[in-house]
Amino acid sequence: MSENAETFAFQAEIAQLMSLIINTFYSNKEIYLRELISNASDALDKIRYQALTEPSELDTGKELFIKITPNKEEKTLTIMDTGIGMTKADLVNNLGTIAKSGTKAFMEALQAGADISMIGQFGVGFYSAFLVADKVVVTSKNNDDDSYQWESSAGGSFVVRPFNDPEVTRGTKIVMHIKEDQIDFLEERKIKEIVKKHSQFIGYPIKLVVEKEREKEVEDEEAVEAKDEEKKEGEVENVADDADKKKTKKIKEKYFEDEELNKTKPIWTRNPDDISNEEYAEFYKSLSNDWEDHLAVKHFSVEGQLEFRALLFVPQRAPFDLFENKKSKNSIKLYVRRVFIMENCEELMPEYLNFIKGVVDSEDLPLNISREMLQQSKILKVIRKNLVKKCMELIDEVAEDKDNFKKFYEQFGKNLKLGIHEDSTNRKKLSDFLRYSTSAGDEPTSLKEYVSRMKENQTQIYYITGESKDVVAASAFVERVKSRGFEVLYMCDPIDEYCVQQLKEYDGKKLVSVTKEGLELPETEEEKKKFEEDKVAYENLCKVIKDILEKKVEKVGVSNRLVSSPCCIVTSEYGWSANMERIMKAQALRDSSTMGYMAAKKHLEINPDHAIMKTLRDRVEVDKNDKTVKDLVVLLFETALLASGFSLEEPQSHASRIYRMIKLGLDIGDDEIEDSAVPSSCTAEAKIEGAEEDASRMEEVD
């Protein structure tokens, strides 16, 4: 058969990964067994699911099990399953030539100091065999192909050949040639310990071939010889007494026997009161391939018109690919009457709860249900509704412990905000879980706590969105609100923009952005009167500014939100904020037509108490066609854009204006600068008309 052997090179990333696994010291090498058993369990799941619609698939072997055989003499450990098996193409692709999406991510995580036990989460668990083996031989038989053998000593290549193994009628057999310094993994005690620790809740029998001793009676040849001597001496024998009884002796004989290591019944079928935290932790790890314990668990059953049991877990941390749409998540396993149906039942959980791990075991769904049928199933819709309700309870329980909830929120806060955007039914409940930094202190606060601290005359919840806490805390928009003693929520996560589009109010209080038009702060009669007077006093300046800026702004008006800044740019109540515009511009597949009408409505608000605005108003009153006014207005507008969180369409012309101001401040005339030092494109557009004669007047504005 060797003439039919084909040699393949490992894909570059896989070769690198194997080199890393082989040449780096890892203390917890035992996880290789967990990974291989987990893969075997997946293969058994697949054949069992296939057999629901095609029972003949099990003609090649009815019994579904995993068998572990240690051989101390040959220093090999064999793991065999009667699962779906692999075709030749599967062996070539899955075990070497096609890198999984997680290969590179796992290597980066390893190099960053992650634990080797994370390997299963990245879909490359098979290669952990090389933690303990220097050569691995895989024989596999799929019902749709002949039997083939894969072999590698991890030297950058592997061999695939046709190979018939009478023991493998369907499924996969992995023979690991154990390294000299790892032979303790062949010890029965060690294997039992690892299986109990990592794999006791696998849904198929895990059999270990154990060596045992038994006493066996054999004929005692020495006693027979002595008896013959007696007969020769002519002694009379009492026939009735001991009717030719044979003399025997007991000897010890070695034999092999299959011992089942995981006889525990499915944990979700047991009474929650009888299950320890350690058992939940072990089940969670075997279910999720996580190396850490879970953060929280919910174990319940629903009875009545509909019956199902469920066991749900919240992990300690979010997986690296939590929001990767293309990747199917390993979240909820669906069982029907203890029979595994599918690995990841997306229909059971909304997208925003995709971090929840667990199992659901239904009594009512048909065994042969397909994904298409699931989408139409009314039973499933009821189960889903119950699961989401229980998830809310579970998060509520986590929230009772402040430290635990802080951990949870750091990892899954984005999911809750996505839920507010997507799930109108549970929006109110989800909003209770939100936490934000505020102008009142460093500790994140809930909306409920914010409302409890609101001033008597405050009717709205104020918030600002932005890139970071430091940026929003220093923003011009929060000046007046903070100075009046009102608390402002700081929303610094891009998803907050989508969240507040749906979360219009909380506890009857409207959420209001301090960066948008229509901000109403509680005012005294005196303040209202002053504001009206300011509007009249600055009416002419507002008109001149609007004429200069033309279509760049929709409206120019007097502000009630500024204290130390001369002006700011606000957006219409229903348009995008500056932060949202920034986020949308960063979208590779953005809709440019949406950008047009959502991002265009900018309003310039001026501070009537600021010296710059007062001087500018006086300048306009004297001569509204003053040559410097136009450039000052444009410069103020562009600076306000930047300060308000927007980006400039023409940053170069803004830079040129700034340089011109610096020249004026330093009393540098144009004749002192060589023409070659200033690009013609800049001077043409950016030159301030009448700059020379107005140099002294610019100082007044300062």
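Note: Cβ is positioned from N, Cα and C throughout, glycine not excepted.
Of the listed segments 218-239, 240-261, 262-283, Swiss-Prot assigns region 'Disordered' to 218-239. Looking at 113-117, 418-422, 573-577, 698-702, the range annotated in Swiss-Prot as motif 'TPR repeat-binding' turns out to be 698-702. Segment annotation: Swiss-Prot labels region 'Disordered' over residues 676-702 (candidates 190-216, 352-378, 649-675, 676-702). Neighbour list (N39 (ATP binding site), Cβ cut-off 8 Å, at least 6 residues apart, same chain): G125, F126. The Cβ of K100 (ATP binding site) has 17 neighbouring Cβ atoms from other residues within 10 Å, across all protein chains displayed. Note on the binding-site residues D81, F126: the fewest other CB atoms within 10 A surround the CB of F126.
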